[in-house]
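To start, the structure itself, in structure tokens.
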């Protein structure tokens, strides 16, 4: 008997599906426009917008005595004017501004990567932070995405300008500045002679001129207020402000085992005013890890993809080891992960992007629901933020391990474990 023949199944319309998914992610984001966000909205963002209306942008920035850079207030001024023009309430104007920035950022991811699927994943990945909880982190996305696009196109001066605008919108990108400098100037040694040679190049002078010009414009518009704002951002007495990291575990164990003020079934909470010795111990650990990552970046592979990976590693070190880290600070690694997948597409880099997006969103969901009012859903006999902290630490350790595997001491090629032949690692595959 003749075997029946079957027609081959049609291939799924993956590109069409990706575009549809992109549209759906945008609609889901827009559906959250009525979400009130976290308490930061009522305590800070909306009052700042009112002060901008009555005092002007510069005076409102000084009066706020915030720990935010000045360009965040410029964008809030746009939101305020948008509300006036459209006759909207302040919250609707703010959320619409966040949504417009999300659309612009998603479009940039699409333009850089050419992948509607990656753009859809990005849009979905930033929805909770932006439209759900109304954090201002998305304000930094267009310029930071543009900075890396400019570096890919071989336009370091433009990249420096866009990166400077990013850092003047949110302070967190400053943490990755040394890695961009290593990439832009091709730094492969920290010897004084090598660094002096970099300083003498025309490129360094052009980059320095852009940085000085940005600083001059900011000081003309806002005076010296950005300096105390930066000081406030880097000097607070929180161990961990709702981030499941090493300090989060430490403060929970202290309350449970030393103070006896919490049991294993009680929720973990952040601690303030723990004393400068404890703060500086954590900062010292972070500084050591940060310096080690810079050294590995100097000695390791060069290129935009390795630069992003080292930047992610360093930033995760800040999240895990430093103090004063807030729940929304994982937005920067999320953004870097999608940049990595956009600029160097590969399965391993897509996995890294998905991992960082999962970390950022899991952190927010552990402490807030979609309305930003908090939830007890993480309490299931034990606070789920505690095992999550262990996982977060493991992620950073894996990135440090991957970076170390690419490290080559002066005069040597990268070596494998215990001095053997190089072995393939997820990070190594991502560096290609």
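Glycine residues also receive a Cβ, built from the backbone N, Cα and C atoms like all the rest.
Beyond the ends of the transmembrane segment (16-35), by six or more residues, the same chain brings 92, 95-96, 99, 102-103, 106, 110, 115-117, 119-120, 123-124, 127, 130-134, 370-372 to within a C-beta distance below 8 angstroms of the stretch. Summarising the annotation, TrEMBL assigns transmembrane segment to 16-35 (among others).
If you look up TrEMBL, you'll see 98-121 (among others) marked as transmembrane segment.
Per TrEMBL, transmembrane segment is recorded for 133-151 (among others).
Summarising the annotation, TrEMBL assigns transmembrane segment to 171-191 (among others).
The transmembrane segment annotation in TrEMBL covers 203-222 (among others).
As annotated by TrEMBL, transmembrane segment applies to 279-297 (among others).
Within the chain, the transmembrane segment (304-321) has long-range Cβ neighbours (under 8 A, six or more residues past its boundaries) at 148, 151-152, 172, 175-176, 178-180, 182-183, 243, 245-246, 282, 285-286, 289-290, 293-294, 296-297, 329-330, 332-333, 336-337, 339-340, 343-344, 349, 352, 356, 392-393, 395-396, 399-400, 402-403, 406, 427, 430-432. What TrEMBL records for 304-321 (among others) is transmembrane segment.
The annotation transmembrane segment is assigned in TrEMBL to 388-408 (among others).
Annotation comment: TrEMBL describes 411-432 as region 'Disordered'.
The feature compositional bias 'Basic residues' is assigned by TrEMBL to 422-432.
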Going along the chain, which residues at least six beyond the ends of the transmembrane segment (203-222) come within the CB cut-off of under 8 Å? 57-58, 61-62, 70, 156-157, 160-161, 164-165, 168, 184-185
